[in-house]
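Enquirer: Just dropping this structure here.
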């Protein structure tokens, strides 16, 4: 009996050691892949604990996915060592505030209202990437500048449609220079305010001439390096998914804002994203709608480009549920620049 007890204890200890070694191996690989460095051993222990907890949540969700209880899969990514509250405060920077009244010396013009094209049969699927109107996925880093990436993406698409040339535009130009228009750099902003700044400023510099830094810096716009201009902006009727669909089909990529405040979005990997807790009014993240379609399982979706690099989501993209009561607010604050 004593021998049996000793054997059980030995096996339990061996399994514990093996599990610990496995976690450490995965942790070390995670740090290497995502270039993680911590200020102290104490911080690393805390980050490891958060990482393990997030892995557990992801595994439980994916079990439900395998059972057909979820429509999308999650995956460990570079944000796996962050508390969800940290993550949201760091990267979600869409500020839906009516700051027009408090702006001094700057006039934010009223948007042009989108008029749906008459007698036009829109296709069942659209993907502006295939038409060459979308630049590669970018990475905003630890800066709440999502709004600037959404704005440049929409203008890049409109500029391409007008000129046939795809030019990557400078988010840093918007972060540094559009403050008096109501934007707050790494602390958030709005795409419409960015479009207004670009119009009044006479353009926005190219990404090459004004590279991204992921910090608030001094404005050094160069009029000789302008990559695109706009004449104002068009707002899609609030909450109208059908109007958003027609705009995507006939105009090009559209700036949208969504509720990305959920852990499920932090670790999204593939599939059609539907989060029951999503809000259609409390929006916190600016992204770019570049198309729409229907999955093999019959789920309608919006094809959305994010600005968290290619290691997040499906190579940097997410399929958001479509025709589900304006899910996550995809059509609540949709707009595009006039060129």
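Keep in mind that glycine also has a Cβ here, set from the backbone N, Cα and C atoms.
Swiss-Prot lists 1-16 with the feature signal peptide. Per Swiss-Prot, N-linked glycosylation site is recorded for 95. Look at Swiss-Prot and you will find 143-186, 177-219 tagged as disulfide bond. Annotated active site per Swiss-Prot: 146, 285, 306, in sequence order.
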Enquirer: I want to verify one value. Collapsing DSSP to three states, which class is residue 285 (active site)?
Expert: strand
Enquirer: Using a 10 Å radius around its CB, how many other CB atoms surround residue 285 (active site)?
Expert: 26
Enquirer: Determine, using Cα-Cα distances only, which of these recorded positions is closest to residue 306 (active site): 95, 143, 146, 177, 219.
Expert: 146
Enquirer: Taking every protein chain in this structure into account, which of the recorded positions 95, 306 has the most other Cβ atoms within 10 Å of its Cβ?
Expert: 306
Enquirer: Please identify, from the recorded positions 143, 146, 177, 219, the residue with the sparsest Cβ neighbourhood, meaning fewest other Cβ atoms within 10 angstroms.
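Expert: Looking at the recorded positions 143, 146, 177, 219, the Cβ with the fewest others within 10 Å is that of 219.
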Enquirer: Let's check the environment of residue 186 (disulfide bond): how many other CB atoms sit within 10 Å of its CB?
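Expert: Residue 186 (disulfide bond) is surrounded by 21 other Cβ atoms within 10 Å.
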Enquirer: Between residue 143 (disulfide bond) and residue 177 (disulfide bond), find the distance joining the two CA atoms and give it rounded to the nearest Å.
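Expert: Approximately 16 Å lies between the Cα of residue 143 (disulfide bond) and that of residue 177 (disulfide bond).
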